[in-house]
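Enquirer: Here it is, the structure in full.
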Amino acid sequence: MGDIKNFLYAWCGKRKMTPAYEIRAVGNKNRQKFMCEVRVEGFNYAGMGNSTNKKDAQSNAARDFVNYLVRINEVKSEEVPAVGIVPPPPILSDTSDSTASAAEGLPAPMGGPLPPHLALKAEENNSGVESSGYGSPGPTWDRGANLKDYYSRKEEQEVQATLESEEVDLNAGLHGNWTLENAKARLNQYFQKEKIQGEYKYTQVGPDHNRSFIAEMTIYIKQLGRRIFAREHGSNKKLAAQSCALSLVRQLYHLGVIEAYSGLTKKKEGERVEPYKVFLSPDLELQLQNVVQELDLEIVPPPVDPSMPVILNIGKLAHFEPSQRQNAVGVVPWSPPQSNWNPWTSSNIDEGPLAYASTEQISMDLKNELTYQMEQDHNLQSVLQERELLPVKKFEAEILEAISSNSVVIIRGATGCGKTTQVPQYILDDFIQNDRAAECNIVVTQPRRISAVAVAERVAYERGEEPGKSCGYSVRFESILPRPHASIMFCTVGVLLRKLEAGIRGISHVIVDEIHERDINTDFLLVVLRDVVLAYPEVRIVLMSATIDTTMFCEYFFNCPIIEVYGRTFPVQEYFLEDCIQMTQFIPPPKDKKKKDKEDDGGEDDDANCNLICGDEYGPETKLSMSQLNEKETPFELIEALLKYIETLNVPGAVLVFLPGWNLIYTMQKHLENNSHFGSHRYQILPLHSQIPREEQRKVFDPVPDGVTKVILSTNIAETSITINDVVYVIDSCKQKVKLFTAHNNMTNYATVWASKTNLEQRKGRAGRVRPGFCFHLCSRARFDRLETHMTPEMFRTPLHEIALSIKLLRLGGIGQFLAKAIEPPPLDAIIEAEHTLRELDALDANDELTPLGRILAKLPIEPRFGKMMIMGCIFYVGDAVCTISAATCFPEPFISEGKRLGYIHRNFAGNRFSDHVALLSVFQAWDDARMSGEEAEIRFCEQKRLNMATLRMTWEAKVQLKEILINSGFPEDCLLTQVFTNTGPDNNLDVVISLLAFGVYPNVCYHKEKRKILTTEGRNALIHKSSVNCPFSSQDMKYPSPFFVFGEKIRTRAISAKGMTLVTPLQLLLFASKKVQSDGQIVFIDDWIRLQISHEAAACITIRAAMEALVVEVSKQPNIISQLDPVNEHMLNTIRQISRPSAAGINLMIGSVRYGDGPRPPKMARYDNGSGYRRGYGGGGYGGGGYGGGYGSGGFGGGFGSGGGFGGGFNSGGGGFGSGGGGFGSGGGGFGGGGGGFSGGGGGGFGGGRGGGGGGFGGSGGFGNGGGGYGVGGGGYGGGGGGGYGGGSGGYGGGGYGGGEGYSISPNSYRGNYGGGGGGYRGGSQGGYRNNFGGDYRGSSGDYRGSGGGYRGSGGFQRRGYGGGYFGQGRGGGGGGGY
């Protein structure tokens, strides 16, 4: 293959160009690959190779680029050196000319002339998509018109600022100093001048006790010829309108229509915080000053005049070198399927028959296989007959014809017509039958995990296969990938976006399902695909949607054709609230709550109670009952009455109840189960929510026996994503839960809002799958008429930081320019906010390109600030804990609580730390311990402690995924090892975790006043959230050791409350949770509102924060330097550890602490498992209990090595348990197995105690502690130099001992060493052995050790990456059963 590189070099040489190769290592140490990209100037395409060695990677990249040159007719295919045949360019239409001009890339409209923006585009684009693959930057459809003006003006201003050598305070002038106070007046002035009638449109959200408002407005700007839009949220109408005006004014400012605010900004004086006296020991102050000197930092002297305070923060000490500004608008590279490329792993196929097979050969084999299967498999024939009956079948020929002739096609079909499962199969089977199987690979996106998995399993069943052959799926934490050619992969949109970094290579068709849902990822993907279609007209995009108005999508994709698929025609009769009351003769129960006085909502409530509007055709009783129901509440009693009414109809069928959010589902489930009628065997009540485990989710599809009614309580997940065939009745609350975010005050609100008419139409369609159905809408007809037609796109109500990072990672050009091309572009102020946040985090450099830190953050599926916190956690060797806390923030709390406040059983998890985050960490640690004893123990633990097991399992998955990404980015594994934390006594590692948390959640800082009352930024009032461990019971007052807290998010209800709170010391705030620190010599001011009484010199040592940030810069460039930091940096880190201790600020956590109920925690033994189930030394996971081949001893999970009982009693049958007796893992005299004994024999010290000692070994004569030295001491290795191995005799675990004569280098936190001793392997004989770091992948060179039947849900290999056994495999123990 080498001559392909020479061919490309020669071709470029003739044109006076040189190919530029860029190569980097990817994957983990055990299966390292090399990714190579080759670019040639003037071509907007990167050839890619991903192989096991550098040479092949370069050759494959060169071949990919040459194939691209063939496709765009720059090179003739017969000139290309052989080996792997280049597929001919796919034929677009009947024309023989395969040169695709841009005009052909824009499919012809379905009738009538081209609309003006497209006619202009076609003219501009005639030179279009040639060598560059994209055309000039000019001809992008100017949806976000005039954004270019903003960016070009911004560049001029940057140049001017540089000339004046003026340090600009970016934040103050970020939006022209326009604030909530001054924006509305300026907007009104603008309206008067331009003679605009500006009216706010208000929507009320939430129930009465928690009411808030959304204000929105669209205005047309004459001088720019475009509209701008704002939609903001506030606790009353006045605030919502002010926020909406602020967004509009900021956008007008950025577009150059209005000036910056030049008056004095009047800040509302918040409540003053009294100066807090900080006690700092002289020793620590001296240590601080020494570090500052060592780091060569300058301390600002105190001011001469106290009324002129000085700023103590110093600027950044280290910057990333600015990379070259990317001027070309990027596009994600695409190439058709090729012979030796696997699109699902984005790598070349280097070995096996497929590495050298031609596309013709592959196509022939697959056709023969399908033909044989059709003839022989009788089940398949009956499934085919079922498929024939689906409504979409009649449209098969029309769909295939449209897809063949157009780059983009929209298929619109009623729910249940079969489009999701059938369209991909029609395309695939068409290619296979026409001898083009190797030219077809289809990716299908779904908005949710449950639908991606359920649809993939259904399609595999219809093809007579298991997932993993022609059909597979990939969702976060779980994948079964299909074969590399002629296959369909179902995935979530998020997973596809992560795969885009390697391009859409080897994929012939991209199908985007449920486009009407308008989540932020789908909207982002549509912009990417639109650009891809312009650059590569041969790609095929199919957009699928429910029966809604698709005009907007059709125009966005150049007036592409729409195919209408009609569904099964079982009618669905719909009823509204007044009908439901009349039918059931429902009388609402008397209200037991006294109504609170209405707070001032800032104006008239125009969102009238529609329950007072009832037509004359209904009786007076109905009108009265209806008027007594509160529109904002979900009437459980009426749902109950409807279920009883359904019983009387004697029409069997499942009932699907749509409810907004998990809380209502859980409450409704308990409400029904506690009712003697619905809790009986005649009913099966099933919840359906994205957060419940897959096994639970699957139950909703299972049929129930005769005489049993299945009632499914679901969120909008069942609206479009999945189809439950036996549903006949739908009861619809007509509501859904949305997350609203307001940027200017960093406020989150989870509001229950009315669903849109489109949503209600979808929900209605779920009934009537098998027979005529019934839909009961729990809203009045009057309310229905007032509903919005569509929901607001998520892009308008969520921060854009993560999407902005993805844009830069995929090299798609400027963030603003890219988002301006969205189907509905987000407001400009939100884009600028995101760019600014990323610059502050050092994720973007001076040219707005990704820094090495930004590149790591872009790969982590988590909020960028948390990502940086995780990197800092790795530097301090507490990476695992920080990853756990970050993962836990992605999910609801695991506590199952009846009331709003947590009970003692949950508060206990916080120990003495006054911290919700520590409670989460402790819960996770305790659950992780419990599950080591098997699944039954895990279930028992969760029931006893009232914890949601599903949430804990998903947190584990997310944590492991985050750690894997960091390890693959080059971070040493030993900085991510699991540690044991104590929440009841001193623990410096936990102190450091809390310091880093203060950085991660900044600017969310608050000060406790009394009872639940706290002050947040700028002294504004708020409350401790009732779900916090810090929330006092009833009205009792609480005294905390420190009044300062950091918190996860501000939730706006009637009041503003802080959720997820952790107590911090003032020194932790000073160091990690501050932006502006000033001193007048006596008092230090943090961010203009917190005042500390601390010496100027001590406070000035805040400057070491800059040194810490500089270290993050260096570590991001080269993560492996963490394990060999220079003494100055080590000294700085140790000083930060000291500052993080509560005692450093004179705070005693034991004071004021109330310990509830359970008494002190028993001592724990150390764990070094990398979170992967390889725990408690050697017995817990992997090969100690059930794992590989059933483990060593008999016994169950932890029965392992000895014959003894379970976890505590095991390992050495008699005598103490695992860490009982004289001490645990690394403590004093005792060894691993307690007392004086070794693991299962006599002898001296054990694992970490003493020096290894004599004869007693793991399984007999030689072994673990044998030979010269012990664990890390002196000459001997892990198992000493002796002959015995793990299982005695010569063969044993590692032949010549665990690490041969290597020794075991031990630095404070590192356990690195080579585990692959001499001759013996795991089962003797093989030459491999455990050759890797202590908590990583355990794979010997010659064989891997997966339990034969085990594996994560049966798939083999821990988390499908071969981490020691499985994760609750089939047998939890015994031979071949799996285990951890």
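Glycine is treated like the rest: Cβ placed from N, Cα and C.
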Enquirer: When Swiss-Prot marks a stretch as region 'siRNA-binding', which of 5-9, 1125-1129, 1130-1134, 1145-1149 is it?
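Expert: Of 5-9, 1125-1129, 1130-1134, 1145-1149, Swiss-Prot gives region 'siRNA-binding' for 5-9.
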Enquirer: In Swiss-Prot, which of these is labelled asymmetric dimethylarginine: R518, R766, R1331, R1353?
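Expert: Matching R518, R766, R1331, R1353 against Swiss-Prot annotations yields R1353.
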Enquirer: Among R211, R797, R1372, which is annotated asymmetric dimethylarginine in Swiss-Prot?
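Expert: Going through R211, R797, R1372 one by one, Swiss-Prot flags R1372 as asymmetric dimethylarginine.
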Enquirer: In Swiss-Prot, which of these is labelled phosphoserine: S136, S335?
Expert: S136
Enquirer: Taking pairs 6 or more apart in sequence, does the count of Cβ pairs under 8 Å between the domain 'Helicase ATP-binding' (400-566) and the domain 'DRBM 2' (182-254) hit 3 or more?
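Expert: No, the domain 'Helicase ATP-binding' (400-566) and the domain 'DRBM 2' (182-254) are not in contact.
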Enquirer: Could you tell me the mean pLDDT over the region 'siRNA-binding' (5-9), as a whole number?
Expert: 93
Enquirer: I'd like the Cβ neighbour count for K699 (SUMO2 cross-link), meaning other Cβ atoms within 10 Å of its Cβ, all protein chains included.
Expert: 15
